């Protein structure tokens, strides 16, 4: 792997964590968060929901199976990638490993370097995660080039994750259509940073997907594309910045259109319902998060990546469908009278367990009932 120079993670409270730099030689700012996922770093790094964030991995061994080729595809979308490029601002790990896997095309170090993303290894990530868990997520910078760290700290304290619209940075500028071999339905996806894993699950079920930009009128698109339903995707950032989007979603409620939301999509459906959103102290990010379905009484393990949640008492026309068994936060909602469902977690996983792929089947049943 060669000789790696020193690098630093600087936090808004003045803490400076020293490590060894890998990836690109640069400076990147972001909200510092962590994931407890043991595997799936290519999926995590390319997840658009991480835009604007520096990601810490609690699992100490990263890079063990390298980075696979994008030529491995399903429904025309590359496997093990959740978008076309790395979306995190930086990656902080404990050990940078030499890969040994048949599908590996390059090392983690090479991949980050190619995409201009800095990394830091040789860090006690579990101690760092304990700090964030106790004090909450905070702004920071990953520095892998020579610079004045005092100046970096000043810059950190000027940035605001809460007031930045990251969705517009990851949403497409024009519509994108994905067509399966046997089309049963057509769904308009309000693309706020949709994961490829979600698209793959929709396409597997015979759903033609029309991805539209975040600031388009969802109802107008639904009718112009002669769609059967609407899907509100995951995405990065503060949901309360997207109140105009929530208003447009609210208009679609009046048409009784089948709808489904995931992650940010659930939060926007709740905002459209007049509910309140709050920020979690350190978020839910990992692939082993327990969730309970209040209707069936069943529990399952899920993949999660969110920093905000719904205030359950503030829901009006929706009811709580699922809850997180760690902190009882809202993980799923259903409309009381309209064909609308949503989850806060990611039923497609990617990476993670497939315990809740059935949620997509529930959406298909709703579409079938309205056909």
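Using N, Cα and C of the backbone, Cβ positions are placed for all residues, glycine too.
Since the structure is predicted, the reported quantities are computational estimates derived from the model, not experimental observations.
For reference, Swiss-Prot has these:
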REGION    1-182  region 'CPSase'
BINDING   49, 235, 237, 264, 267, 305, 307, 308  L-glutamine binding site
DOMAIN    186-371  domain 'Glutamine amidotransferase type-1'
ACT_SITE  263  active site, nucleophile
ACT_SITE  346  active site
ACT_SITE  348  active site
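The highest number of surrounding Cβ atoms within 10 Å, among the binding-site residues 235, 237, 307, is found at 235. Each residue in 234, 236, 239, 263, 306 lies on the same chain as 49, 235, 237, 264, 267, 305, 307, 308 and has a C-beta within 8 Å of the C-beta centroid of that L-glutamine site, without being one of the site residues. For the domain 'Glutamine amidotransferase type-1' (186-371), the model gives a mean pLDDT of 98.
Under 8 Å, Cβ to Cβ, and six or more positions away along its own chain, residue 305 (L-glutamine binding site) finds 35, 44, 47, 49, 50, 234, 263, 283, 284, 285, 346. DSSP gives residue 267 (L-glutamine binding site) a helix state. Among the record's L-glutamine binders, 49, 235, 237, 264, 267, 305, 307, 308, no two C-alpha atoms are more than 13 Å apart, and one pair sits at exactly that spread.
Sequence-distant neighbours of residue 308 (L-glutamine binding site) (same chain, six or more apart, CB under 8 Å from its CB) are 238, 239, 267, 277, 278, 279, 280, listed in sequence order.
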